[in-house]
Every structure is written in structure tokens, then in C-alpha cells.
Amino acid sequence: MARHKIALIGSGMIGGTLAHLVGLKELGDVVLFDIAEGIPQGKGLDIAESAPVEGFDAKFLGTNDYAAIEGADVCIVTAGVPRKPGMSRDDLLGINLKVMEQVGAGIKKYAPNAFVICITNPLDAMVWALQKFSGLPKSHVVGMAGVLDSARFRYFLAEEFKVSVEDVTGFVLGGHGDSMVPLIRYSTVAGIPIPDLVKMGWTTQEKIDQIVQRTRDGGAEIVGLLKSGSAFYAPASSAIAMAEAYLKDKKRVLPCAAHVSGQYGVKDLYVGVPTVIGAGGVERIIEIDLNKTEQKMFENSVASVEGLCKACGDIAPSLKN
């Protein structure tokens, strides 16, 4: 049986980290694509040379030609410009939309049967545009946001409660931006809801509110510290979890930017919701009950995403079809 083929479109910091993780987890052969000559080839060779030490067998091909991704089982898209200090994800819209048009055409031509995971920001608008540019089924084009946002939320909660991250579940809905909605009452430590832990005296509501805000600012915090780029380790790990769920038909419940068509009162939009990911791609969207406060926060988040998608349509009229 042939190994899976995983195409990484964009060979920057996330792309290189993704390639290494694919090797370490033995998920398949890797094609690293980038428009910059030498970068994907150099990173591919460097990672391949770690294989004898780490003990994995996989091919790593660096390329500047979309033809090399032909027949890929999974495409993970990181191509585009990352954030710099002081920038919001939304500031990248015009530049990265043009990149998505090129990437969409490449995937449409060479990997129409792939499961596509988009990481490029502003995430919710870029994955919406990528699906339209590529013409792939909506179930097979998703955005990596919720896994990362939830991971940050879980890490901060684990630090606050001084417990293992493995025992913390965290729930984040909505767009991947300042309006994301971390849901406290659906987040737990070993099954105990966070509001109960507040009542038990483990923490205060004020500290939980601070953690919620830090989660919203999670990406900006790292951008501010790095000063010359954005996060790449945790985003790469998050995308790999999604790819693994698809390749191994794990039916994992993962929050991601999925195409919503009626659920949560939203139509024809990509926004962060809990999903089941298996061999069929996004096989199900889980619709949970929101209270009035949560619903209002979610609607604000959706409105923000709608605004970005409208802006995309103004730049590229073909997206309005």
C-alpha cells in the first residue's frame, strides 16, 4: 500500500514545522511547495536528513511547481504574508486573497480529491475564498483555527488550575480573531465544568475572564514577542491533528472553521464550530445550545466574518457567484 501524499503549500515557519511533524508521526510522503526558489528544497532536504536519526521513512520533495502536488491526499495551505506587530489578521486581506486565488487554481488542477486545511489569515475569509477558487466540496475544505484557539485556552486553564493539559477541555466558537467566543460552561477539568470550579473556590471569575481575553489575544501576544513573525509550532500541531483525523478516519470532535449552511442561524459562511472529522472530511457539525449572552457574542463574531467575506467579494467579484 502506497504511503499517503501530503502537500504543504507554503514553506515558511509553519510549513517547515508541518513537514517535520508529518515525518515524525509517519503520516506519509511530503511535498513542500513555495514560490521562493530554494526554500522548499532546502527545508525538505534538511528534514529528510533527520529521518535516519528519528527513525522514519518518508520522501520529502521541495518544489516551485504546483504539478508536484498532483494526487495529494491532504493539502495544508500556509502560503501568504504573516502578521507583524501592530497588525490585525484582517490587515492581510488584500494580499493573501490574491495568494488564495493562485493556490485554489493549483489545487483544483492537481489535487481535486484532497482534504484541504487552510491556515492563512484572515482565516475565516481565506478558507471561504479558497473553497470558491478551488471548487472542492465544502466538506473537504476547512480552516484551522478552533483547534489552536482551544489549545491556547486549555493551556491557560491548565496553568491556572495547576493540572495536566490532558485533563482540560476547552471550547472556542466563532471567527479566528478578536471576536472569537471561548465558552466557559462547555469547558471542563476532568469533566467538571469551569463555572463549578469557580464555585468550588479553585479560581475566581475575574481570573477566568482574564484567561478568556488572553485566549482572544493569543496570536497577537506571540507576534508581539517574536517581532518578526507569528506563531508556528502550535498552529502546525493543530493542523496535523486535523489531517490525522481525516487520514485515519478517527471521527475526532474538533472545532474548526467549517462551512455552515443553516446551523447556528448562519448560511453559506465559514466560521468556527465543533465538527466531526473523519474519512469523509467534515462529516458533521455539532450544534450546541447557546444562552443569550453567548448567542450575541457568536453573532458579533459571525458579523465580523461576513464583513471580511464581503470585502473579499469587492476585491475579487468572481467570489460573489
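Glycine residues also receive a Cβ, built from the backbone N, Cα and C atoms like all the rest.
Computed from a predicted structure; not experimentally measured.
As written in Swiss-Prot, here are the features:
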- GLY10, SER11, GLY12, MET13, ILE14, GLY15, ASP34, ASN96, ILE119, THR120, ASN121: NAD(+) binding site (BINDING)
- ARG83, ARG89, ASN121, ARG152: substrate binding site (BINDING)
- HIS176: active site, proton acceptor (ACT_SITE)
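Features recorded in Swiss-Prot, as mapped to the structure shown.
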residue : record                       : DSSP (3 states)
GLY10   : NAD(+) binding site          : coil
ASP34   : NAD(+) binding site          : coil
ARG83   : substrate binding site       : coil
ILE119  : NAD(+) binding site          : coil
ARG152  : substrate binding site       : helix
HIS176  : active site, proton acceptor : coil
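Close to ARG83 (substrate binding site), meaning Cα to Cα within 10 A, are the following recorded positions out of GLY12, ILE14, ASN121, HIS176: ASN121. For ARG152 (substrate binding site) paired with ILE14 (NAD(+) binding site), the C-alpha to C-alpha distance reads 17 Å. Sorted by the number of other CB atoms within 10 A, the recorded positions ARG83, ARG152, HIS176 start with ARG83, the lowest. In sequence order, PHE33, ASP34, VAL77, THR78, ALA79, GLY80, THR120 are the residues near GLY10 (NAD(+) binding site), counting only same-chain partners six or more apart with C-beta under 8 A.
Note: the Cα of ILE119 (NAD(+) binding site) and the Cα of the residue listed as 'active site, proton acceptor' are spaced 10 Å from each other.
Within 10 Å of the C-beta atom of ASP34 (NAD(+) binding site) sit 22 other C-beta atoms, taking all shown protein chains into account.
Packing around ILE119 (NAD(+) binding site) is summarised by its Cβ count: 27 other Cβ atoms lie within 10 angstroms of its Cβ, all protein chains included. Annotated pair ASN121 (NAD(+) binding site) and HIS176 (active site, proton acceptor), C-alpha to C-alpha distance, rounded: 9 Å.
Rounded to a whole number, the distance between the Cα atoms of the residue listed as 'active site, proton acceptor' and ILE14 (NAD(+) binding site) is 17 Å. Overall, the recorded NAD(+)-binding residues GLY10, SER11, GLY12, MET13, ILE14, GLY15, ASP34, ASN96, ILE119, THR120, ASN121 cover a maximum inter-Cα distance of 17 Å. In this structure the alpha carbons, written CA, of HIS176 (active site, proton acceptor) and GLY12 (NAD(+) binding site) are 20 Å apart. Counting only residues at least six positions away in the same chain, the Cβ atoms of ASP34, ILE39, THR78, PRO82, PHE232 sit under 8 Å from the Cβ of GLY12 (NAD(+) binding site).
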